[in-house]
Amino acid sequence: MSWHPQYRSSKFRHVYGKPASKEKCYDCVPITLNVHDNHFCAVNPHFIAVVTECAGGGAFLVIPIQQTGKLDPHYPKICGHKGNVLDIKWNPFNDFVIASCSEDATVKIWDIPKYLLTKNITNPKKVLLGHVRRVGLIEWHPTANNILFSSGYDYKIMIWNLDSKEDVISNPVKILDAHKDVVLSMSFNTDGSLLATACRDRKIRLIDPRAGTVLQEASYKSHRVNKVLFLGNMKKLFSTGTSRWNNRQIALWDQNDLSVPLLEEDLDGSSGLLFPFYDSDTHMLYVVGKGDGNIRYYEISPEKPYLNYLMEYRSHLPQKGIGVMPKRGLEVSACEIFRFYKLIPTKSLIEPISMIVPRRSESYQEDIYPLTTGDKPALTAQEWLNGINKGPLLVSLRPGSGAVNSLPQFLEPDPLMKTTDLSQPWGRGGRMPLADMQKPSEAEDSRKQPKAQEKLLKNEQMWLSNGFDIFECPPPKTENELLQMFYLQQEEIRRLREMVNQRNVQIKQMELELRNLGVNTGRY
């Protein structure tokens, strides 16, 4: 008989939730009072968007992520919908584009200006017209650029190609008509080739979105599903819902066999919905309760018992909705592996909650930050529609790695190029005629300009840390900010020391080569 230890070793056993201090929260935000079961919040490394309460139609706010504290009551809104906004989602490949859907049966795509808003935005970039009843859900494709899915109360899921030049798109590229009731949840697998849905008819469906066929269907009677989620490449589905006795329940399913769940567990008797979130990098699953202040988190393993309970973050303030920061916007110097933005309408407050792995070391922790999904699409919209599948492009979260940042494409290096024009020929007192000077300079220009541009790009990437320009960051005001700046400086010093050591090794190698060359020439 083999002995099994009662504990399991895991680097995430002691992960804890840390709420932000008062000055790091977003105060006086008029959060929506709508009872629709959605997140009502979307976050990226530059902005936080939240559905707001307003008269005469639907609106949402877009606040710069660093603009914490009290919000101006006259802060500009995005208000182009004629009905309440039900869902908002940022484009995963463009931090300045957001989609919204509403009770007015439309989906709208908005361009958010790079600078602070000064007036309300009422004109969308694109309008998607196809649903005949209100639209409750939208989801961007995880790997293909400009592919958007929308689900309405007409029981249809529509696939839109936003590469179309038309401002008003009324013909979706595909309509999925496999549901007999309202779709409550949509989730993609890693490469976006499969779509899982949860429907009000209590069934989970696994769909091939391009063919429009239902591959699997679960109708397990003792689990009434509300939300469903793909667990990355684990080939498993996770769902939240209620049991026969109206207890909140979670269930784990095999992707290839949805007849019976691998695991089901009752949590409590509360009536609020459970929102699941999965981090495929750490294999951690977070279950957030609507109407309470709790966040339970688990670790997923490929073998039994599959679901390993870690801890629970508790708060007396109930959340109405929740937003999640993408991995490329996390504070890696503080060992932050996940960040929630909790909507508290009773206090008109948005409270960030950081999930942190306690570590003593100040250096970058590579074991808890594997390569993660970046901000570049793996496919064009047409390639995906033609049947090509491709996983997401991965990047490193190490500070200073330019691949992580989405900001360089919006930077304008032209003024720098003008001030450091390397194409001007150098002469001394006009000793060389102009015609003679231009000939060699033309040959040198082709070599110098690309090198200069590469240098400038490298410098720009070094100035950027996790998507923010360090020259625009305000000086630290609190002890926590000061510590974070200190950790960043320590990491930079360590990196520079490594570079110096490498240079010293190269110098010694060159000195040895020179000595050997001198000895060989002396013999002859």
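Including glycine, each Cβ sits where the backbone N, Cα and C put it.
Annotation comment: TrEMBL describes 5-69 as domain 'DUF1899'.
According to TrEMBL, the repeat 'WD' annotation covers 78-112 (among others). Same-chain residues lying 6 or more positions outside the repeat 'WD' (78-112) and placing a CB less than 8 Å from one of its CB atoms are 32, 34, 36, 38-47, 49, 51, 54, 57-62, 120-129, 131-140, 142, 145, 148, 150, 152, 160, 162, 326, 373, 375-377, 406, 410, 467.
Across the repeat 'WD' (128-170), DSSP helix (H, G, I), strand (E, B) and coil residues number 0 helix, 22 strand, 21 coil. The repeat 'WD' annotation in TrEMBL covers 128-170 (among others).
What TrEMBL records for 176-217 (among others) is repeat 'WD'. For the repeat 'WD' (176-217), the list of distant contacts is 37, 136-137, 139, 141-144, 147, 149, 151, 153, 155-159, 223-230, 232-233, 237, 239, 241, 253, 255-258, 280, 378, 384-385, 387, 389-392: same-chain residues at least six beyond its ends, Cβ to Cβ under 8 Å.
Sequence annotations record features per position, and here TrEMBL assigns region 'Disordered' to 414-451.
Per TrEMBL, the feature compositional bias 'Basic and acidic residues' maps to 439-451.
Helix first, then strand, then coil: DSSP counts for the repeat 'WD' (176-217) stand at 0 helix, 22 strand, 20 coil. Here the domain 'DUF1899' (5-69) has, by DSSP, the following mix of helix, strand and coil residues: 3 helix, 24 strand, 38 coil.
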